[in-house]
Amino acid sequence: MGISQVHYCNGDQNLEANLLDHEETESFSVPQTKNCKRWLRVSIYAIFVIFCQPLATVLGRLYYENGGKSTYVVTLLQLIGFPVLILFRFFSRIRQPKSTDTNFSQSPSFTTLASVYLCTGLLVSAYAYLSAVGLLYLPVSTFSLILASQLAFTAFFSYFLNSQKFTPLIVNSLFLLTVSSALLVVNTDSENTTNVSRVQYVIGFICTIGASAGIGLVLSLIQLLFRKVFTKHTSSAVLDLANYQSLVATCVVLIGLFASGEWRTLPSEMRNYKLGKVSYILTLASAAIFWQVYTVGCVGLIFESSSVFSNSITAVGLPIVPVVAVIVFHDKMDASKIFSIILAIWGFLSFVYQHYLDEKKLKTCQTKPVEEETQTL
């Protein structure tokens, strides 16, 4: 009787062990599947960002090269396609399962949300306009390389707003990106700027630096807002912020377009466009579409990872622009510009590697309590 009981108990234990192994295998395969889907989404968003921003930038320069003169139009191209994000929000809402979390966190008040959307929208309109002025006066290759300094500004503002630590890798990135931009401003004589005076070149440089600073400030603010204001990190919160700030920025730029009187010159500008009326419309429409696909990619990366990661992926596409500029616009590619590209890529890699180390450290801290809990059980 005792032996049969032992066999019965052993059988129960084996059955329980098999069931536990089966449950562990199923629970392990589900996160793996989710992780693969997440990285597939991240890859798609990254492709949107890497390729669409350079294409939109080149099309903006093509508009200027062939008779376009309105900086407000180029600014508007970066913003006016925001209704695409409304569709993106609609589909993400369908896909997102209903939350069963009983811990309800209070949503921000209407006044708080309105203030956030208004302030970020004004900042977005400001840096979009500054980048349009910079693109007008600078060769597109120089413009894109200076714009890479947005990584340095993101780290700088995150130090004050988000307690970002200045590790040796971050300091190295800041130094390299600063030197990369400085090389371009001291080497104006070698640039192909026959239609631009030295004063206009300096104005373009200052405006592009200002645009980079604005991008860094907005991304750091977004990170701060999702820590202090939008405590529930949902796709709806990310997309609402992107939609409403774009709406505010678009309204501000439209007011500027009509107040400046530039809208009166648009019909004659289209008639006198060197590539023809159809090309004029296609250039502007394509640029607006590429900018919005780029925005969808940025918003997706912010939601899937972080604003810092989104900004890092943005910087990957910037070295593509100088290569395209040499082919399309015959920009000069001298030794100083090549060295500037190398420094910018080096600074970017340093920044991304630090982000990788931070993510790895965060995952280790999150998994350690779980491992300790399983060991105690």
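Here the Cβ of each residue, glycine as well, is placed from N, Cα and C on the backbone.
Annotated transmembrane segment per Swiss-Prot: 39-59, 71-91, 107-127, 128-148, 166-186, 202-222, 238-258, 283-303, 309-329, 338-358, in sequence order, evidence recorded as sequence analysis.
The transmembrane segment (338-358) is in contact with the transmembrane segment (128-148), judged by 3+ CB-CB distances under 8 Å for residue pairs 6 or more apart in sequence. When the stretches 39-59, 71-91, 107-127, 202-222, 238-258 are ranked by Cβ pairs under 8 Å to the transmembrane segment (283-303), first place goes to 39-59. Taking every recorded stretch in 71-91, 128-148, 166-186 and counting its Cβ pairs under 8 Å to the transmembrane segment (39-59), the highest total belongs to 128-148. Sequence-distant residue pairs (6 or more apart) of the transmembrane segment (309-329) and the transmembrane segment (128-148) include at least 3 whose Cβ atoms are under 8 Å, placing the two stretches in contact. Stretch with the largest number of CB pairs closer than 8 A to the transmembrane segment (202-222), among 71-91, 128-148, 166-186: 128-148.
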